[in-house]
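Read through the structure below, which is laid out as structure tokens, and then see the notes.
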Amino acid sequence: MANSSSGMAVKDECKLKFLELKAKRNHRFIVFKIDENTQQVIVEKLGGPEATYQDFTNSLPADECRYAVFDYNFTTNENCQKSKIFFFAWSPDTSKVRSKMLYASSKDKFKRQLDGIQVELQATDPSEMSLDIVKGRAL
């Protein structure tokens, strides 16, 4: 389905992998990339169930925009095991302006394709998506 504002389409694989993360817990994270040649959002990288948050952040390029989801497991103050699915809009300051605009204009439409996102974070720098910030947003 094309995005009317940016002409962006979402490959079915993106939705399928997200459903696997959400329902089957097959993946800890998914990194999505906009393929500028085909004008489609595609899956760039999958993190297995044993992947860590560090593995996830290391998967994001330092100078290119990406979308990503991360399944964050945590323990509440009441000692309950919980999980929240985070959506990340990664747009580093060093990325190209055209890329930032493309990702920004397509984000809401893409996010709506992924039913089950519980928390959204936008980051331009690794410090804006530190594990402490994720923990704080989860509780």
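We number each residue from 1, going along the chain as drawn.
The backbone N, Cα and C atoms fix where each Cβ goes, and this holds for glycine too.
Unlike curated records, TrEMBL annotations are generated automatically.
Here is what TrEMBL records for this protein:
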DOMAIN    5-139  domain 'ADF-H'
Inset, instruction - Please average pLDDT over the domain 'ADF-H' (5-139) for the predicted structure. - result: 95
Inset, instruction - May I have the DSSP-based helix, strand and coil counts for the residues of the domain 'ADF-H' (5-139)? - result: 48 helix, 42 strand, 45 coil
